[in-house]
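Notes to accompany the following structure.
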Amino acid sequence: MREPPAKHDPFAQMRTNQKFNEGSNLATLIYGLSIGWLSPNLILMSSDDSPLTTGKITSEEQGTVGSIGTIGCMLAPLVCGWVAEIAGRKSALMLIGVTQLVSWAVMPFATNLSVIYASRIFGGFAGGGTMSIVPLFVSEISEDRIRGTLGTMLAISCNVGILLGFIISHYVNYWAVTYLALLLCVVYSLGCCFLPESPQYLFIKKKKEKAIKALRFYRGEEAESETSQFTAEVARFKDIHNVGTPKKKDSNQIHIKDFLTRSRWKPILICVIVIMFPAGSGSIPLMTYTERIFQESHSNLSPAISSIVVAMLQLIGSYVSTMTVENAGRRVLLVVSTLGCAVCTTTMGTYTFLQAMHVEVDWFRWVPVASMSALVFINAIGIGIVPFIIMTEILDPKIRGSVVTFCLLEFSGVAYLVVKYFPIAVEQLGMHSCMWFFSCCCVASATFVLTCMPETKGKSFEQISESLNGGKKSGHKDVAPTAV
């Protein structure tokens with residue numbers, strides 16, 4: 001007799017999925033290393049001790065090194081998205097591994113800016129691919145009830161990499177991060193070879209047997225014991241697959257009209273706006289120019305120690321997000337995170353304004369470290385990762401790939417502008433003006449979440465779509481299985 005559902009371990013599937021989620025998120029950790037490597041080494045390359053044969057770099061060149069990676073980020077969603085649809089999610093993950101390997105393999109020969117530019121572009125491509133493919137892959141192999149928790153592992157992995165990059169660059173040497181990253185790239189690429197394809201993708205491609213086999217692999221103990229939950233999930237996928245069998249030859253092809261229906265343009269608009277939240281919070285230029293910001297604010301801690309403290313708090317914040325995303329919900333985390341970031345940037349802006357006005361601030365030199373540390377902590381709780389989770393949850397599977405690609409292009413473009421022109425804006429307008437601008441963006445973000453965005457915690461795509469349509473069920477029967 002089959003065991004009753006009550007005896008089923010509710011955490012077994014989470015443990016199984018988390019194991020494979022950590023494997024795919026190794027790519028995110030490697031990308032985090034490239035971010036953590038950048039800030040301290042920008043200071044090194046602009047000093048008299050620069051390891052470059054061309055000598056120390058200028059402020060303009062610092063901006064280029066910091067922002068040029070976003071060119072690769074803009075290309076990645078197009079290329080990786082196409083590979084993910086044509087060859088599969090697994091192939092896209094392997095492509096990310098190859099580009100990461102290339103980006104770090106050239107670093108031992110980086111004695112001039114041209115090589116560093118090339119490395120940053122390849123690394124940016126890998127980062128953009130990671131942000132577009134890993135969340136999609138994780139959402140497709142996980143259940144609704146733990147999807148958010150597994151999705152936040154993306155932020156934890158990235159922040160671990162950033163922290164390691166800061167620490168190793170400060171306390172070991174210029175090249176140590178490179179050798180660690182190369183080792184991890186090899187491990188990641190080999191690990192991808194043993195991962196099965198996404199069950200959702202196999203259902204879309206009408207490979208039922210392989211899809212069920214892959215689903216059994218990712219569900220682990222739950223599948224082995226043939227629980228009613230696993231059987232129901234297989235039945236649901238089969239039912240969706242049968243319903244989605246095209247009556248017309250081109251039913252799976254995307255047309256412009258697919259983006260114009262009311263049930264689809266509203267979530268598209270939400271994604272287009274929400275994806276700008278991270279850039280508007282000020283966290284991106286902060287992590288890129290961490291040491292420079294602390295140098296200019298004359299903090300009572302050294303820039304090196306300050307940056308490590310910031311990275312540690314960002315990591316703690318992402319861990320807190322993992323613990324709360326399925327309990328507090330996406331909307332709560334976003335509102336708390338955006339308003340918290342607004343307070344932090346306002347505080348930092350006020351401090352630097354008083355400093356510019358030559359007001360005595362010796363008793364408040366702890367403010368820069370405290371406010372920026374709080375900023376990255378609060379940012380990591382919600383605004384830094386939740387927008388990427390939401391994109392995979394509220395979009396119709398038929399148009400998801402195209403819209404996510406566009407949103408990631410948008411994110412990369414905005415990030416490029418912010419990182420490229422932040423040093424110029426600080427010089428022309430002052431640090432306080434930049435911080436107050438970010439504060440206004442955060443308040444606007446919180447207002448949008450409160451008025452326009454639905455809660456997606458623990459809901460299937462059908463339930464989310466129904467809430468977006470005011471309780472009306474979506475009539476799309478030509479879609480592929482949901483990837484949520």
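Just so it is clear, glycine is given a Cβ too, placed from its N, Cα and C backbone atoms.
Per TrEMBL, domain 'Major facilitator superfamily (MFS) profile' is recorded for 20-457. What TrEMBL lists as transmembrane segment is 24-44, 64-84, 91-110, 116-138, 150-168, 174-196, 267-289, 301-320, 332-354, 366-391, 403-423, 435-453.
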Local confidence of the prediction over the domain 'Major facilitator superfamily (MFS) profile' (20-457), expressed as mean pLDDT: 82
When counting Cβ pairs under 8 Å to the transmembrane segment (24-44), the leader among 64-84, 150-168, 267-289, 301-320, 366-391: 150-168
Closest-packing stretch to the transmembrane segment (267-289), where packing means Cβ pairs under 8 Å, from 64-84, 174-196, 403-423: 403-423
